[in-house]
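Engineer: Grabbed the feature section from Swiss-Prot, which reads as follows:
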TRANSMEM  1-21  transmembrane segment
TRANSMEM  31-51  transmembrane segment
TRANSMEM  54-74  transmembrane segment
TRANSMEM  81-101  transmembrane segment
REGION    105-147  region 'Disordered'
COMPBIAS  105-117  compositional bias 'Basic residues'
């Protein structure tokens, strides 16, 4: 659970950092650059913590995808950017992709405990001796030099 919180914090930090970058470029104020540097750095730190338990592909898709959606909305509201029908279609497609990636994440089933901790494909196999060569057993499929 904590790793998903790290991912959420990474997304929030990325959004703030990216919007601060735009603010700094529009206003020319140094404050935007400083906020951007700290937030983008914090975003990567939180993302690196999140991927300890959240699959990298899922974490990155959510981090970028949700970030793009929210940054686009705020860019329209705060910076007067426009949303064309093609951009809207792209955002809807992005939402669908995020949902598909997230729904495809399942915890892997715990492997069954087999005797001797051998994988099932090796369990029933027994070594077969095919013959003797100067007192040395030769196993099938292997070639041993006589000593």
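Yeah, the Cβs are placed from backbone N, Cα and C, and that goes for glycine too.
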Engineer: Quickly jot the same-chain residues contacting the transmembrane segment (54-74) by Cβ under 8 Å, restricted to those at least six beyond its ends, or write none.
Structural biologist: 3-4, 7, 10-11, 14-15, 18-19, 43, 47, 81, 83, 87, 91, 94-95, 97-98, 101-102, 104-105
Engineer: So what's near the transmembrane segment (1-21) in sequence-distant terms, Cβ-Cβ under 8 Å and 6+ beyond its ends?
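Structural biologist: For the transmembrane segment (1-21), the far contacts come to 32-33, 35-40, 42-47, 49-50, 52-54, 59, 62-63, 66-67, 70-71, 74-75, 78.
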